[in-house]
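Lifted from TrEMBL, the feature list:
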- 12-31: transmembrane segment (TRANSMEM)
- 13-144: domain 'Methylamine utilisation protein MauE' (DOMAIN)
- 58-83: transmembrane segment (TRANSMEM)
- 90-108: transmembrane segment (TRANSMEM)
- 128-146: transmembrane segment (TRANSMEM)
- 158-176: transmembrane segment (TRANSMEM)
- 401-419: transmembrane segment (TRANSMEM)
- 450, 451, 452, 615, 655, 676, 677: substrate binding site (BINDING)
- 537: active site, electrophile (ACT_SITE)
Ligand code: PEP
């Protein structure tokens, strides 16, 4: 009872952890996929903070950003549906194993102020990120260790479809956002926002004090200047950066400052207060800007000139790079200098275009979908383009999830309707043919105990007597067998009522007789009056190197001596997780039994014992047990025909107890159990036997 409660608690814990991880991985992967360039910039920030920028080719941060979002989103979805458990839990655990110490290091050294885990959607400090990762690491370790407890929502037949669709979906989605700007903008430069308002500070709030530092060069010497000591024009501008001098209330936009290149004047207020239209061509690094749509940009400039709109190119590049751009593209528009990070925040495209009026962002275009001559057909106030573009995030989310969830629901619907239904039908068909609880079948129901290396001779005798007494009063609906250590056999066999309890050994030698010190032959076992022998138990395979070939010899000797082998097969945890259980049991059957004649095979009792369930408290679910028992029977049908298969008893073994026996034995292909731990207590063993009396 207590064990059962622990078992349930573990199930609940693992599944809670799994949903927590799934939710966070899906969210984190999704927001990164919405803004792959944002993640790229964050990765570049890290590389630069660690002085590693030159170590990698320029395309790598973006590629890594897409891979990361795909990985996180897909792992989250797989965890959510409980499919590809081994891969998803291992990946989640590995990611957390790497990220947790890394974020501790970031929290301590603080090279970048926000980790970027959730893009701009949810900004955490480095310490918050570290503690979040500690929680996730515990959750990831729990699901990794307890992955067998994860409840799956999709059958094995359709899981590939869910995995494939998820990976494709998120890849297509992030590519779309790279090409067309993020479909949801989490930044303060969202369409419809007023830059002026974003910069304003509520009355009474103390503003942060920033200082812009300008890096200029003269005669090979580079120096930093502020606005106060800005030098004469013999110095060449190289770069600029904002330095936080005193932290105060930080408005959403705090570093929007346009310095006209030609005049050196700050024209921020003039531009933001202009009641006319202004086009801002944003190219944070002009030397890296894509010039493939340069004709459209030049046309846009000509258009703005024609209608008297302002047009500025904002960049943080050096003057000589601006000159190169001018030469290469014929750019005639004026340039303004601005902070690099601000420019990257304004628009996720290099270059990209922003249209503002009265300081309010009316529209934004990526380089790939700039307005062309067919759209720019008149003054802006007569065009749709000139009106405030309406962004409806709720609707966008509906569309995004609609594209993901609807096809997925279709798959799940098919899964439930077709796959599960046919599975259920098959089970019902089988159930109608043979009902194990009513014994309406040719094969026997058997409950066999395996005492293993437990009990002294005296204790064993006492246990056998107690069981004999416990079973004396009523009729059992199954055969009962106890398999004891060798030395107990001769004493136990005469004690028990042979009509009710069979006795068996736990092993026998693979040799008939002779100089094999310490071994006990099949004929010796038979001479004690025992009728059964367990062969191929996973403990003997694992600890005593019993191979299929050795077991084949043992089976033949057991049969030759009139013993009924209870032949054990079953996979280890890794094999189950790799979905190889069928292959494994088939190889075990074929390797030791399938050379037998049909007549000899009919004398064998099989015991399917998943190794991960033996003595561990973990039980295969009734569904898992039935699935593999049915498979085992189907291999016998193939090899020896239906009649032999229908007559073969296949027992289940692995943490079987009174509380789960009934459910396990109710399966049409489960014909009883091979019981380890619970066979050492008469109450428990009888409880299991009684599962057939219900
Ligand atoms: C066994 O060893 O055969 C067995 C099934 O053990 P337990 O019931 O203790 O898991």
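Backbone N, Cα and C define each Cβ position, glycine as well.
Those TrEMBL annotations? Automatic predictions, nothing curated.
Feature annotations (TrEMBL) mapped to structure.
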{"residue": "450", "record": "substrate binding site", "Cβ within 10 Å": "26"}
{"residue": "451", "record": "substrate binding site", "Cβ within 10 Å": "21"}
{"residue": "452", "record": "substrate binding site", "Cβ within 10 Å": "18"}
{"residue": "537", "record": "active site, electrophile", "Cβ within 10 Å": "29"}
{"residue": "615", "record": "substrate binding site", "Cβ within 10 Å": "13"}
{"residue": "655", "record": "substrate binding site", "Cβ within 10 Å": "22"}
{"residue": "676", "record": "substrate binding site", "Cβ within 10 Å": "21"}
{"residue": "677", "record": "substrate binding site", "Cβ within 10 Å": "18"}
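Each of 58-83, 90-108, 128-146, 401-419 was scored by its Cβ pairs under 8 Å to the transmembrane segment (158-176), and the highest score goes to 58-83. Each residue of the domain 'Methylamine utilisation protein MauE' (13-144) gets a DSSP state, and the totals for helix, strand and coil are 105 helix, 2 strand, 25 coil.
A straight line from the CA of residue 677 (substrate binding site) to the CA of residue 537 (active site, electrophile) spans 14 Å. Cα to Cα, residue 450 (substrate binding site) and the residue listed as 'active site, electrophile' are separated by 10 Å.
Spread of the substrate binding residues is 14 Å (greatest Cα-Cα distance among 450, 451, 452, 615, 655, 676, 677). Contact annotation for binding-site residues (450, 451, 615, 677) versus ligand 1: 450, 615, 677, each with CB under 6 Å from a ligand atom. Ranking the binding-site residues 451, 452, 655 by the distance of their Cα atoms from the Cα of residue 537 (active site, electrophile) places 452 first. When each of the listed stretches 12-31, 58-83, 401-419 is scored by C-beta pairs under 8 angstroms to the transmembrane segment (90-108), 58-83 comes out highest. Residue 537 (active site, electrophile) carries neither a helix nor a strand DSSP state and counts as coil. Along the domain 'Methylamine utilisation protein MauE' (13-144), the predicted structure has mean pLDDT 89.
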